[in-house]
Amino acid sequence: MNNGIKEQIRELLKQHNAVLLAHNYMRDEVQEIADITGDSLALSIEAAKTEADVIVFCGVHFMAESAAILSPDKKVLLPRLDAGCPMADMVDARGLEELKKKHPGVPVVTYVNSTAEVKAHSDICCTSANATRVVKSLPDKKVIFAPDRNLGSFVAKSVPDKEFIFWDGYCPTHERMTVEAVLAKKTEYPEALFICHPECAPAVTALADQACSTSAMYDYCRDSKARQFIIGTEAGILYRLRLENPDKEFILASPALFCPNMKLTSQEDVLHSLKTLTPVVSVPEDIRLKAKLALDRMLAVPRD
């Protein structure tokens, strides 16, 4: 990577009292310069507690929105404003309200992969790392789960005493991974463990030795005695897995596991963002306060 750019970024971060957060799916070059890398839950927690004045969020739009919701006194920068999330765009507030009218009194559990407006119409948020705990924390026997039907189905298996009403959304990247691709890799690497994300289709997660969030994948692969792992989530995770486990082999389950939005942000974009302190992501106060309730309820659920 360009050391000159990295040095400029580090200097500007210091100058602006800024923190650089990067999601686990970012390009290698972006993860390399981040102060903190993590999944949506870890980065939400960091955004809520940071003492920095500026948060540079290397991820997609809904993540920067969540940071702005949790830290309204901070300036939140998203180096690529065009880094969106197709799954987040599959649910809107109007549609969610219509579903709520059909099921009055049923709480809405919304995956953080959603817009601020959708969060504002939800009772509680969740991430892939805490979705099961969040649902179990509710006293209700029925829940509306949006927008990811695959994560919802995964959680439902762990919470058989509750009835789920699913919004019909999905992650296009994880949806592209097929059973056939997984079986082919398992045949090619018979000793390897297959680890996948619960955003994968149920038929794929059924083949997994472990289905979990990206943060849990790091822990699982680090602690496992296995030497080979077939990884069923976005390719960006391989950077840190290989960095932290140089004696282990990580094989991407499918070349289709590539999110174009997560790959938009470059070091040059980060540098430009820090030089100009743009683009700023903000959330209207009325929406922010309602969305913050749903996020705060999630963050209040006890962690393992």
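Glycine is treated like the rest: Cβ placed from N, Cα and C.
Database features (Swiss-Prot):
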- His23, Ser40, Tyr111, Val112, Asn113, Ser128, His197, Pro198, Glu199, Thr214: iminosuccinate binding site (BINDING)
- Cys85, Cys171, Cys259: [4Fe-4S] cluster binding site (BINDING)
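In the three-state DSSP scheme, Tyr111 (iminosuccinate binding site) is classed as strand.
A straight line from the CA of Asn113 (iminosuccinate binding site) to the CA of Cys85 ([4Fe-4S] cluster binding site) spans 7 Å. Cys171 ([4Fe-4S] cluster binding site) is 12 Å away from Tyr111 (iminosuccinate binding site) when you measure Cα to Cα. The subset of binding-site residues (Cys85, Cys171, Cys259) lying with their Cα within 10 Å of the Cα of Glu199 (iminosuccinate binding site) consists of Cys171, given in sequence order.
Each of the binding-site residues Cys85, Cys171, Cys259 was assessed for Cβ neighbours inside 10 Å, and the highest tally belongs to Cys171. Listed in chain order, the extra residues whose Cβ falls within 8 Å of the Cβ center of the [4Fe-4S] cluster site residues Cys85, Cys171, Cys259 are Val60, Pro86, Met87, Asn113, Pro172, Thr173, His174, Glu234, Asn261, Met262. His197 (iminosuccinate binding site) sits 11 Å from Cys171 ([4Fe-4S] cluster binding site), taking the C-alpha atoms as the reference points.
Take the CB of Tyr111 (iminosuccinate binding site) and look out to 10 A: across all protein chains shown you find 30 other CB atoms.
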